[in-house]
Amino acid sequence: MDTKSFKRTLQQSDNYNRKGFGHKEEVMDAMTNEYQSDLIQEIRENNYRLQRGDVTIYLAQAFGFCWGVERAVAMAYETRQHFPQERIWITNEIIHNPSVNQRLRSMAVGFIPVENGQKDFTVVESGDVVILPAFGASVSEMQILNDKGCMIVDTTCPWVSKVWNSVEKHKKSDHTSIIHGKYNHEETIATSSFAGTYLIVLNLDQANYVANYILHGGDKNEFLEKFKNAHSQGFDPDRDLDYIGIANQTTMLKSETEEIGKLFEHTMLRKYGPIDFKDHFMSFNTICDATQERQDAIFELVKEPLSLMVVIGGYNSSNTTHLQEIAIERAIPSYHIDSAERILPGNRIEHKPLGDDLIITDNWLNEGKIVVGVTSGASTPDKVVEEVIEKIFAFKSSLVPG
């Protein structure tokens, strides 16, 4: 399918909007009241530090709502204001933050139901309004909604759209797209739908496996089993790795994405030589600025003498998980929570370790003076960060020494 042509036709339709409806000022006032925080602004103005009693907070210098997230949420608010009576749906969570998604539900925005792992679009009728979230939506979903005669409000982050353009270039030049991402993440599902032939690698270990296969060959059945949920239909590693281009899920760990890109560049250079390798390899520049800034900020934060780290964001948020990884790699006790409600009485905290289910840890705040590093994912409002910080102050001051 010519996805580029379909996208162009859709964007020229009267039933498509990606610029909002002219209610930006009113919407931003509402979002400021609901999501911004005077306390967080105070901490910013105090060199990203705040001390009360025995607790000193060190806040990362880049954290929380990114421009793409703020834009998506604002467009969703505008959509409800512009269509006060119409049925409004969204194809997925607008962003990976439970409080924001719950706010949309309170505004009577319906979430497309999922049955046996498949979205049930039969609930959508002609004339309904359907929001595409910040992660985007697959080509097939857009086709379904377009065929139904829906008003489509597209809040896809421009950085995600940039990746789509990259994989479409790969497809046009008959290159396989190697996508650094999570095959079941909404963004990567959407990106792969715009690609031709593709392979999704989760991490550097998987990338090294593929690079070794490119250079030395291997067991095709083993390869296909290893990547059974992460490649295009009919993918053949013996045929489809001669010409490759690199793309990424925008929320992956920047350093790993860059390392994977360099790995494949060196692999193709080694296999095809300096004259021909450029025909076989397409480089990329699709690392999201906001993701990079937040990761750079936590790399700086973990240099401080921290007692512990609190990382705030949705548990299904990829960019938040990678912030957690950075702290753990520095051997800093780190707690990933999605709201202040996870901080429990009795010096207990309910949190999500990397790759594991929620657990409760006792005595997580040490006695005496402590320095707490705080950061949050790109989908986390400042108001949520404020609530977490205030609860840390309150619970620490209530602890009885001894």
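From the backbone N, Cα and C atoms, a Cβ is placed for every residue, glycine too.
As the structure is a computational prediction, the values presented were derived from the model and not from experiment.
Record note: Swiss-Prot gives H96, S317, S318, N319, S379 as dimethylallyl diphosphate-binding, and the candidate from H185, H231 in that site is H185. Cβ neighbours of C66 ([4Fe-4S] cluster binding site) (same chain, under 8 Å, six or more residues apart in sequence): C288, A290, T291, R294, A378. Within the same chain, the residues at least 6 positions away from S379 (isopentenyl diphosphate binding site) whose Cβ sits under 8 Å from its Cβ are F65, V69, I95, H96, N97, V100, G313, G314, S317, N319, T320, listed in sequence order. Same-chain residues at least 6 positions away in sequence with a Cβ under 8 Å from that of E187 (active site, proton donor) are, in sequence order, F135, G136, V160, G181, Q249, T250, T251, S318. Between the two most distant C-alpha atoms of the annotated dimethylallyl diphosphate binders (H96, H185, S317, S318, N319, S379) there are 15 Å. In sequence order, G68, V69, R71, A72, A134, F135, G136, T250, C288 are the residues near C157 ([4Fe-4S] cluster binding site), counting only same-chain partners six or more apart with C-beta under 8 A. The record gives C66, C157, C288 for [4Fe-4S] cluster. Within 8 Å of the mean position of their Cβ atoms, the other Cβ atoms in that chain belong to W67, G68, V69, A134, P158, W159, V160, T250, T251, D289, A290, T291, A378. Around the Cβ of C288 ([4Fe-4S] cluster binding site), the number of neighbouring Cβ atoms within 10 Å comes to 26.
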